[in-house]
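Engineer: Structure in structure tokens, see below.
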Amino acid sequence: MDDEDMSCTSGDDYAGYGDEDYYNEADVDAADDVAVTPTHSEEADYECLSVNQVERVFIDGVNSLVSRISINEKFARILLQANHWDVDKIARLVRNDRNDFLRKCHIDAKPEPKRKLSSTQSVLAKGYCSVCAMDGYTELPHLTCGHCFCEHCWKSHVESRLSEGVASRIECMESECEVYAPSEFVLSIIKNSPVIKLKYERFLLRDMVNSHPHLKFCVGNECPVIIRSTEVKPKRVTCMQCHTSFCVKCGADYHAPTSCETIKQWMTKCADDSETANYISAHTKDCPQCHSCIEKAGGCNHIQCTRCRHHFCWMCFGDWKSHGSEYYECSRYKENPSVAAEANHVKARRALEKYLHYFERFENHSKSLKMEEELRDKIRKKIDDKVNEHNGTWIDWQYLHKSVSLLTKCRYTLQYTYPFAYFLSATPRKNLFEYQQAQLEKEVEELAWAVERADGTARGALEAHMHRAEHKRQTLLHDFFF
């Protein structure tokens with residue numbers, strides 16, 4: 001695709017692109033006539049840009065700053081990156097104390113006490129590189145700080161910093177000097193090394209995009225598109241090239257009603273705890289008498305705690321002596337008795353149980369979304385068959401396609417209510433949220449039941465299910481997300 005043709009806006013038609021996206025809003029836009037009209041948009045106002053188009057965005061930002069303050073373009077980029085491309089903020093800080101601000105942004109060096117050099121030292125200083133200890137150079141590259149080093153040492157320094165992933169913050173080699181090298185300076189040093197130059201430009205683009213609040217790399221696999229949004233909010237964008245959808249603020253999967261900070265905590269916790277939690281949940285229980293954690297080694301349900309010697313049933317936690325005759329086929333369930341002062345390991349078990357409660361439901365809805373993709377394919381085939389049999393047109397049966405798309409949308413939102421609820425403090429607000437969550441879950445499952453039995457469900461009844469589910473979803477998002 002040509003760079004000039006890559007630009008698109010969020011108003012473009014994405015219909016049909018969302019086959020692998022569980023939350024493709026475009027798929028259900030046409031269902032709005034049977035659902036609730038949202039008062040807030042979950043879709044960001046954005047456009048998809050190529051690298052060349054993004055470079056023009058950077059140039060416009062530099063020109064805007066240069067027109068406001070008297071500064072060289074190469075330093076304007078450093079200022080903009082350090083201040084998240086906020087031209088007004090930079091202009092204000094420059095007016096307050098220009099010299100101090102430029103030092104804080106690593107453009108000017110901190111004042112150094114002047115040292116008196118001997119005549120021999122003065123001669124050497126003019127052509128001497130203190131890194132390689134070679135002299136005789138007629139010209140030594142240097143930054144605004146004036147510290148001179150030979151081109152070979154500069155190149156080695158640039159390569160070293162690039163190997164560490166640093167591009168826009170390559171500093172002077174002088175000890176304790178914090179002046180940054182502008183991109184023009186670095187490119188002049190590595191101009192004869194195309195491989196290093198390519199790596200530097202790639203890393204520099206990464207740093208520039210990451211510093212810009214309205215730019216975000218598409219998270220699709222090896223996708224070159226860069227998204228530019230008009231607002232920095234956790235809203236959904238869809239790449240026009242690879243059709244990947246994600247949150248434009250944090251780059252994660254779209255996660256309403258959960259915030260970016262909360263979903264990051266949740267995903268970290270899942271990555272750290274899930275395998276351990278699953279094993280502990282499946283293989284261990286607490287002794288009902290001393291609350292020690294016990295791992296069951298065999299198939300027998302008669303357990304003796306090694307700590308307190310208490311005999312109990314693995315299945316129901318009942319005292320083994322009074323358990324009855326059906327020792328090995330116990331079907332009773334009894335919760336652990338509450339204790340006034342829980343030991344640390346008991347508190348850990350309670351925390352684990354809480355985590356598993358939310359994690360299992362989060363995962364269950366994720367699995368349901370995958371299975372409902374198969375349902376989507378079946379409904380598409382069903383519609384095609386009916387149309388081919390001259391039993392109505394695609395428009396006549398489109399409501400079936402809309403129903404599964406809306407089901408997907410509602411279940412996706414429901415899935416992300418569980419991380420939100422996990423981190424929510426026990427307050428009246430949480431009670432309200434859990435009530436609305438339960439209402440949404442009820443409507444989602446009723447809609448799923450109706451969609452799976454679409455042949456036996458009248459169109460009016462199915463559309464009523466769709467309306468109720470979307471109404472509950474919008475109400476929850478309005479109260480806890482927008």
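All residue numbers here begin at 1 and follow the chain in the order shown.
Every residue, even glycine, has its Cβ placed from backbone N, Cα and C.
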Engineer: Do you know which of 28-54, 217-243, 244-270, 433-459 Swiss-Prot annotates as coiled coil?
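Structural biologist: Feature coiled coil in Swiss-Prot: residues 433-459.
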Engineer: Just the number: how many Å between the Cα atoms of Cys250 (Zn(2+) 4 binding site) and Cys242 (Zn(2+) 3 binding site)?
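Structural biologist: That separation, Cα to Cα, works out to 18 Å.
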Engineer: Can you count helix, strand and coil residues in the zinc finger (287-316) using DSSP?
Structural biologist: 0 helix, 9 strand, 21 coil
Engineer: Sort the residues of the zinc finger (129-177) into helix, strand and coil with DSSP and give the three counts.
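Structural biologist: Result for the zinc finger (129-177), in helix, strand, coil order: 13 helix, 5 strand, 31 coil.
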Engineer: Given the recorded Zn(2+) 3 site (Cys218, Cys223, Cys239, Cys242), which additional residues of the same chain have their Cβ within 8 Å of the Cβ centre, ordered by sequence?
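Structural biologist: Nearby residues not in the site list: Cys48, Val219, Gly220, Pro224, Val225, Met240, Gln241, His243, Thr244.
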Engineer: In terms of Cβ proximity under 8 Å, which residues at least six beyond the ends of the coiled coil (433-459) contact it?
Structural biologist: 368, 372, 375, 379, 382, 399-400, 403-404, 406-407, 410-411, 413-414, 417, 420-421, 424, 465-466, 468-469, 472-473, 475-476, 479-480
